[in-house]
Amino acid sequence: MTSLAILGVGKVGGETAFLSAALGLVDEIVVYDVYEPLLRAQVLDLQHTGIDVAISTETAAMRDADIFVFAAGTPRTPDIKTRADLLEANIPVAKRCSELLEGFPGVVISVTNPMDANNYGLWKMMGIDRRRCIGFGSQLDSARFAGFLREVGIPGPAWVLGEHGDRQVPVFSKTGSDLDTGEREAILSRMRGASMEVIRGKGGTVFGPAYHIAMLIRAILHDRREVLPCSCVLDGEFGLSGCSLGVPARIGREGILGIEEWELDTWESAKMAEAGAFVRELCRRFDG
Ligand SMILES: NC(=O)c1ccc[n+]([C@@H]2O[C@H](COP(=O)([O-])OP(=O)(O)OC[C@H]3O[C@@H](n4cnc5c(N)ncnc54)[C@H](O)[C@@H]3O)[C@@H](O)[C@H]2O)c1
Ligand SMILES: O=C(O)C[C@H](O)C(=O)O
């Protein structure tokens, strides 16, 4: 029997629960949200699908899950410029989450923004093996990158590493294209604004994140051992440490099975170093 726990069943957590049930990824889903009316509504709505999946709201059962998704906390509104601006608001939620997960033996997926810092924070506060803390965001950034590349006739592959935020690093060198720096920066600038267009229009991003979180859950539970762009706590990889950052990671049943250290070109390496320095500064809030 496979069990998925989700903390925070708002837009992303709720859709992830639904999609995981609809795709038949798990036998049981344990959900919790501080906002009781929403929690009850999400449970009922899931039950009304008639899908054969057990739904529980017992927080104690979260520790027995195979995978735990941290999707609780404050999201961006059009007034909140960057994901990093959510750090102070979401640190108490990450702390509460780490307390709830004491002794958790499974794989954690961090979604709450600023995701890279929160993934690092959960790893630090829980004191678990870094291979069991996967930050979600670069898969979504990569899907957005693929869309922008298609517009200019470049088929990909589209990989985005770095911060899940303004310092994301699209890996143009893997696309086989010869775009100059100005063209790269123009695409990157559109990528930076991609989610805000959705947030302005419908209050938050939902389908994109939930779909790719479900694909990550599938990669773990089915032990697919495929390489996905995920935020991992780094220990010297890409010359970085003291932070969690998007890197190509082989994902399987135990979590992060390995990190691939790709050769990046000069533009990409500089962006990666910038991203590392920026996120490391955010992560310091969890070091003290
Ligand atoms: N990493 C990504 O790619 C990605 C994508 C989308 C959203 N996000 C982030 O995910 C988070 C959630 O986004 P959303 O759009 O679902 O927001 P939302 O407001 O719809 O849902 C968040 C839920 O968290 C609950 N919550 C708050 N504190 C809690 C606590 N201590 N315990 C349990 N529940 C708690 C709230 O009641 C709310 O229902 C935000 O930080 C957002 O920025 C990340
Ligand atoms: O942009 C946001 O604030 C939400 C999320 O991180 C996203 O990329 O969709």
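Quick reminder: no glycine exception, Cβ is built from N, Cα and C everywhere.
Heads up, TrEMBL stuff is auto-annotated, nobody curated it.
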Binding-site annotation, TrEMBL, NAD(+): partner of Gly8, Val9, Gly10, Lys11, Val12, Gly13, Asn90, Val111, Thr112, Asn113 in Asp33, Asp64, Asp66: Asp33
Site extent for substrate, whole Å (max Cα pair distance, Arg76, Arg83, Asn113, Arg144): 18
Residues in the domain 'Lactate/malate dehydrogenase N-terminal' (4-135) grouped by DSSP into helix, strand and remaining coil: 63 helix, 23 strand, 46 coil
Three-state composition of the domain 'Lactate/malate dehydrogenase C-terminal' (140-276), taking helix and strand from DSSP: 66 helix, 33 strand, 38 coil
Neighbour count (Cβ, 10 Å) for Val111 (NAD(+) binding site): 27
